[in-house]
Number of protein chains: 2
Amino acid sequence: MPKPGPGLRLIDVAQRAGVSLATASRALSGRDGVSEEVANRVRQVSLEMGYVANPYARTLAGGASSTVGLVVHQVDDPYFSEIAGGVIQLAGEQSLLVQICHSGRDPEQELRQIRSLIAQRVGIIIVAGSGYSDPAVESEARAVLSGYERNGGRLAVIGRHSLSADAVLPDNEAGGRALGEHLIGLGHRHIAVVAGTAALTTVTDRMTGVVAALRAHGLDPEAMPVLHTDFIREGGRVATEAVLRDHPSTTAIIALNDAMAMGVLSSLREHDIAVPARMSVVGFDDVSVAADLAPSLTTVRLPMYEMGRMALDLALKPRAARPRRRRTGHQLIVRDSTGPAPTPH
Amino acid sequence: MPKPGPGLRLIDVAQRAGVSLATASRALSGRDGVSEEVANRVRQVSLEMGYVANPYARTLAGGASSTVGLVVHQVDDPYFSEIAGGVIQLAGEQSLLVQICHSGRDPEQELRQIRSLIAQRVGIIIVAGSGYSDPAVESEARAVLSGYERNGGRLAVIGRHSLSADAVLPDNEAGGRALGEHLIGLGHRHIAVVAGTAALTTVTDRMTGVVAALRAHGLDPEAMPVLHTDFIREGGRVATEAVLRDHPSTTAIIALNDAMAMGVLSSLREHDIAVPARMSVVGFDDVSVAADLAPSLTTVRLPMYEMGRMALDLALKPRAARPRRRRTGHQLIVRDSTGPAPTPH
DNA sequence: TTAGTCTACGCAAGCGCTTTCGGAAGCGCT
DNA sequence: AGCGCTTCCGAAAGCGCTTGCGTAGACTAA
């Protein structure tokens with residue numbers, strides 16, 4: 001393992017500016033107790049010499065850790081990469097560094113990563129990804145994180161209301177309802193839901209919305225096929241096979257995220273089932289490629305990039321007494337993957 | 001800025017194990033000079049107490065910095081998110097942390113980010129993204145990075161041969177040639193290239209391949225329209241407009257990455273130009289959605305995820321005397337966006 | 001036994017910074 | 001002048017760790 005290179009030390013700057021180490025430190029960190037004149041001189045010299053404080057020393061000496069830890073399921077999933085993009089962008093503007101790690105959709109690994117970030121003494125932690133309804137792991141995570149906050153750590157979560165922390169929450173339920181309404185409005189009566197992992201709160205919330213839409217229109221949610229597979233593209237493919245096999249009367253498929261919707265489309269294409277002529281398909285998230293799919297995907301747009309920024313912004317602001325929740329808007333984007341229900345001839 | 005929470009110290013572990021601080025340190029870091037028995041006891045106690053060394057103290061005291069800095073254009077670009085995924089995954093396996101930052105396709109900002117990573121004393125830096133042929137910035141970057149290496153920092157670059165560092169290099173030229181051959185084989189004689197930013201070595205390399213293919217078949221590269229726009233989706237749209245306007249005889253468009261190809265497809269769709277019946281389109285990279293586009297995209301596959309892993313792996317291995325270069329394979333993936341050239345009736 | 005190795009461990013000196021504390025000026029007031 | 005007060009700055013004590021050095025003890029060799 002390489003060592004970090006040597007570098008200019010504060011004492012070098014101090015000597016060059018003709019002041020003591022302590023004064024230089026105060027001048028650069030903006031503490032008062034230094035005359036304007038001296039402070040300016042020190043800042044000037046430091047700039048000229050290209051001095052940058054050693055963050056290890058600074059943090060060790062009780063200073064601030066300026067790195068933010070970001071936990072995502074997987075950064076090469078467009079949903080998370082857009083969130084990460086937002087976080088990194090805002091962090092860059094604030095001269096913060098972002099440490100990113102994968103939870104790999106595994107609650108235990110997520111907990112492990114969080115623990116590791118805490119051990120690394122990062123000052124801010126952002127957890128993205130829905131909560132797991134695994135009570136044991138979830139309550140352990142809650143304990144670890146609240147301990148972290150008690151010690152002065154800052155925390156924000158994205159899309160997870162199961163933690164009592166500052167949170168950015170997309171309105172999954174309303175989004176699910178909008179999708180349901182849209183399809184029902186097009187005359188669909190046999191709707192299947194490709195739901196993904198049952199244990200994710202994101203999934204259950206979106207489901208709740210879909211169910212509410214059915215109820216509101218006098219349809220029986222109990223009769224609706226709900227397929228629980230992986231919350232990724234492949235899960236959509238597997239679920240589609242099941243739908244075609246076991247529920248042939250289905251005329252519309254709701255995938256609870258775009259990744260699965262892509263799997264659904266790909267599977268339908270293989271079966272030569274025309275979308276939307278014979279089958280309507282909707283997704284959720286509106287990842288950036290949704291508009292370029294074949295056919296372009298009707299979906300609910302979530303402002304992922306903005307959500308990333310909001311989460312970091314929330315964590316940066318002084319903490320409030322009670323956890324703050326910022327709800328994001330959502331927007332039904334109708335494209336070419338949905339159409340009127342085919343009339344049974 | 002929050003402070004990192006307090007934590008278990010090594011001295012706590014040492015006392016509990018009945019040894020000195022120094023012995024505990026040696027035991028945990030696997031140094032010899034400690035009896036097997038004592039070492040095991042210390043490790044045992046440390047594990048029980050859940051001790052994790054304070055990385056700031058460790059690094060400050062001359063230990064290893066276990067974080068790797070990753071510079072990408074933008075993490076919410078699929079090409080880079082897949083590379084990042086590979087780096088993060090391997091880093092996770094090795095218990096390394098990844099600090100990620102955006103260069104935003106701007107050489108100056110990239111240099112700034114690299115400087116910042118160096119100032120942060122990260123032990124490993126991975127720079128992804130093609131080089132800029134801006135001689136001033138590039139040579140400054142070279143200087144900064146070689147200084148970093150001289151001080152013991154580890155460096156690996158992805159897709160950039162302009163730096164004399166360990167590098168993972170996709171064979172852009174051969175890939176470009178494969179695309180050219182493919183289209184020529186289909187009978188296309190009027191091929192336009194949507195090239196993206198002219199200053200990127202990635203672009204010039206891929207161009208070189210395309211030109212070579214034309215030459216090999218007796219076609220005149222000089223006659224081929226080459227559009228230089230931004231290396232992103234929008235650039236593809238802009239360039240397509242220009243092609244349609246200024247080069248109406250064009251029957252095939254080579255976009256030098258998939259992002260631009262998506263822009264091309266979207267623009268053609270708006271103009272109701274059938275792909276591939278009236279126009280063939282190819283991309284480069286094979287980002288994961290390429291197969292789901294409308295129509296699915298013929299492209300050259302680069303193993304981005306693997307490239308990320310390789311780069312970190314390279315940086316982790318002891319440095320060789322001369323910079324090592326690992327070439328990655330490439331593979332032409334023929335899909336539905338290419339077909340025979342339309343016969344002028 | 002005595003001298004000469006080793007081995008296994010503890011002491012203590014830093015790494016570069018922040019921060020507490022105390023001292024030296026400079027000020028206005030009596 | 002003398003007093004207290006404020007303002008500005010330097011000395012020095014850590015933060016938690018690694019590591020060079022010294023030493024006690026166990027061993028071998030004469």
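Glycine is no exception: its Cβ is also placed from the backbone N, Cα and C atoms.
Keep in mind that what you see is a predicted model, and the values were worked out from it rather than measured.
The domain 'HTH lacI-type' annotation in TrEMBL covers B:8-62. As annotated by TrEMBL, compositional bias 'Basic residues' applies to B:320-329. Feature annotation from TrEMBL assigns region 'Disordered' to B:320-345.
For the compositional bias 'Basic residues' (B:320-329), residue counts in helix, strand and coil come to 0 helix, 4 strand, 6 coil, using DSSP.
Taken together, the residues of the domain 'HTH lacI-type' (B:8-62) have an average pLDDT of 90. Each residue of the domain 'HTH lacI-type' (B:8-62) gets a DSSP state, and the totals for helix, strand and coil are 36 helix, 0 strand, 19 coil.
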